[in-house]
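Per TrEMBL, the features are:
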- 28-50: transmembrane segment (TRANSMEM)
- 76-101: transmembrane segment (TRANSMEM)
- 131-153: transmembrane segment (TRANSMEM)
- 168-188: transmembrane segment (TRANSMEM)
- 177-284: domain 'Fatty acid hydroxylase' (DOMAIN)
Amino acid sequence: MKMEADSGYSSSAELQKQGKKLSHALRISAYVFSTGLLMFTALVNSASWFTQNITLGNFWQTAWLEFYDHMEGDEWTIFLIGAALVPALAFWGFNGILLVADITGKPTFITRYRIQLGKNDPVDTKKLWKAIYTVLGNQFFISFPMLVPMFYIMKWWDSTFSKELPTFQWFLVELSIFTVVEEILFYYSHRLVHHPVLYKHIHKKHHEWTAPIGVVSIYAHPIEHIISNTLPVMTGPMLMGSHIVSISAWFSIALVTTSISHCGYHLPLLPSPEFHDFHHLKYVCALLSFPFSCPSCLCPGTTDRGNSFLRVKWVCLTHTLAEQLST
Ligand SMILES: [Zn+2]
Ligand SMILES: [Zn+2]
């Protein structure tokens, strides 16, 4: 009996001890979890407050209102600066740096990342000037005039020149929509100009550069420049009734990213342009564009013309993931 009582006593003491341990562990877990949750919430809140109020909200809102007042609310001038001047400066600023590397072979921290070794080392200046004249012609005589109908479409929306800027979150949503719209339209228009009949008369010009450089991203026949370069980028904002500040940022991003995919250098921290470089070299893997394209694979099974947009993107995505996992 004594033993039973002892054992009974000891087991209940054991249970009590375990219970205490459990409640202690639960308290610690609850404390750690709630502290973590609190810190996470605080971090998310302050990050979104920071982006909204400091980096974007107040700063950009104030800057936008100052600019709007400075322009005396002249929507046409604001549109020209936002949709033409800023993106053009982004394009030529970025390509200006790359051109120095293409012409002089310096700085070596850029040229050492050249994809097609021995090509454009240095670039053929006669060929380069021809490309620059065509690019300027495309910008001045096609892209800029196309902004006139776009201006009236944006005016119809009544939100493009609003004094209140969209939120940063909404800008990110719009950016995703613009990218998807651009990807689909570029994919099919690029595929169209690869049709043998159209290729011969239209797209061959863009493919004269088998080792492309940044500036030749918009070196193209006027028809290709309209259907493949300009309309896919303009359509998203026209569908969404976007703010001119969002349009300006999107056009600049689109021009810089297409320059990256043609630049001929796989620069660190920037997306790999190898797939499009290879497309220029071999005229295959034509149906992929930046940024949803696979960075390193050459997409076996994606060059068949019968493939749909989604299939190509899916094959490419799975191929890239498999490559990443195997390394
Ligand atoms: Zn190209
Ligand atoms: Zn092509």
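Our numbering is plain: 1 for the first residue shown, then up by one each step along the chain.
Quick reminder: no glycine exception, Cβ is built from N, Cα and C everywhere.
Note: TrEMBL annotation is automatic and uncurated.
This prediction places the mean pLDDT of the domain 'Fatty acid hydroxylase' (177-284) at 89. Broken down with DSSP, the domain 'Fatty acid hydroxylase' (177-284) shows 80 helix, 1 strand, 27 coil.
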